[in-house]
Amino acid sequence: MDWSSYLSRQLSERRSTSLWRQRQVNQKSDGRFLYAADGKYLNFSSNDYLGLSANPAIISAWQRGAEQYGVGSGGSGHITGYTKAHQLLEQQLADWLGYPKALLFISGYSANQGVIAALMTEQDRIIADRLSHASLMEAAMHSPAQLRRFLHNQPESLANLLATPCVGKTLVVTEGVFSMDGDCAPLADIHQQTRISGNWLMVDDAHGIGVCGEQGRGSCWQQKVKPEILIVTFGKAFGLSGAAVLCDEQTAEYLIQYARHLIYSTSMPPAQAQALSEAVRQIQSGDELRQRLQQNINYFRRQAQKLPFNLTDSTTAIQPLIVSDNELSVSLSQSLQQKGIWVKAIRPPTVPPGSARLRITLTASHMPQDIDMLMEALHGFRS
């Protein structure tokens, strides 16, 4: 089969299953609105949970950083791309989250892939929550280690897998807050099972950091758990992009030597690192923002009980409405867009078959009347 025939067949198959993805050019978005060429929408698809992407102090910090350092890092951190701004941010993150070391990566995807690829060998084993993020599962599947999956958020299932002998090391992998369902992992129980067997726990807290725990330290801090490896990302509550790996000094040194995603990637611009340092300060003092976000979550859940859709067991900013049918989820999304509301449909393979949904996300920037408008639109569609 030639290349064109292969691509045509795959694209036709994707179109026929109501799973076709499209990008749309937008002018800008924030925690409340999305601005497109055809107008302004209420934005219920943003991960900008605290509204920090438009924070004046963070914008100013980036501008000052660009004036001081220029707009790019110029190379890998192993060559020319590691500046004082990067070093200060790493130390700030380590001090804040209670770890000896932090290492910056260009994205959460890169951090998850880089850590797993560097640590695991063919004698090792990865045991992951079956609903873990694609970056974690792909890294595990591509690594030489054996992959086993435990039932979602069930420590008993994990314990059964851990009881099976492994020649090498075992790494248990989960998310702190799950990106598609919004539910929280029982981290204390998972960590206890992991430690009993002398293994390591790696937690991706992309959707917990900034919004959970004291000073926004995340779901691990909230549950009084300190995993051996903690991944935090900056594309959600921080309002920017990038990620960091928190770990002990020996592990950090190992990753500096062996994590190819770190070694061979151009590091984030120093101006971005400086902006992230300001974002950390905003998060640390952001109790009012977190309180406002929680009020919006509570209000949404009260109102959504009246809708003919299934809610997940989520107390976080991620509040999916399970529609099940792929075509219906797309129709709902399009109907909402016609009414000035931006909510995207999430379908397989991002979520399991039969669980298509509207992935609604709430932020501290939303107002109660915004949620009322969303509810009215959803009721109108069903009627």
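Note that Cβ sites are derived from N, Cα and C of the backbone, with glycine treated the same way.
Copied from Swiss-Prot, the annotated features are:
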type	residues	note
BINDING	ARG21, HIS133, THR350	substrate binding site
BINDING	GLY108, TYR109, SER179, HIS207, THR233	pyridoxal 5'-phosphate binding site
MOD_RES	LYS236	N6-(pyridoxal phosphate)lysine
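Pairwise Cα distances among ARG21, HIS133, THR350, which the record gives as the binders of substrate, peak at 19 Å. Candidates ARG21, HIS133, LYS236, THR350 (recorded positions) were compared with TYR109 (pyridoxal 5'-phosphate binding site); those inside 10 Å Cα-Cα are HIS133.
If you compare Cα positions, GLY108 (pyridoxal 5'-phosphate binding site) sits closest to HIS133 out of the binding-site residues ARG21, HIS133, THR350. Between the CA atoms of THR233 (pyridoxal 5'-phosphate binding site) and HIS133 (substrate binding site) there is a gap of 13 Å. Ranked by CA distance from LYS236 (N6-(pyridoxal phosphate)lysine), the binding-site residues HIS133, SER179, HIS207, THR350 have HIS207 at the top as the closest.
Recorded residues HIS207 (pyridoxal 5'-phosphate binding site) and ARG21 (substrate binding site) have their alpha carbons 23 Å apart, per Cα-Cα distance. Each of the binding-site residues THR233, THR350 was scored by the other Cβ atoms within 10 Å of its Cβ; the lowest score goes to THR350.
Of the chain residues outside the pyridoxal 5'-phosphate site list GLY108, TYR109, SER179, HIS207, THR233, ASN112, HIS133, SER135, ASP204, ALA206, ILE231, GLY235, LYS236, ALA243 have their Cβ within 8 Å of the site's Cβ mean position.
Annotated pair SER179 (pyridoxal 5'-phosphate binding site) and THR350 (substrate binding site), C-alpha to C-alpha distance, rounded: 10 Å. The full span of the recorded pyridoxal 5'-phosphate binding residues, GLY108, TYR109, SER179, HIS207, THR233, taken as their largest Cα to Cα distance, is 13 Å. It is ARG21, among the recorded positions ARG21, HIS133, HIS207, LYS236, whose Cβ has the fewest other Cβ atoms within 10 Å in the structure shown.
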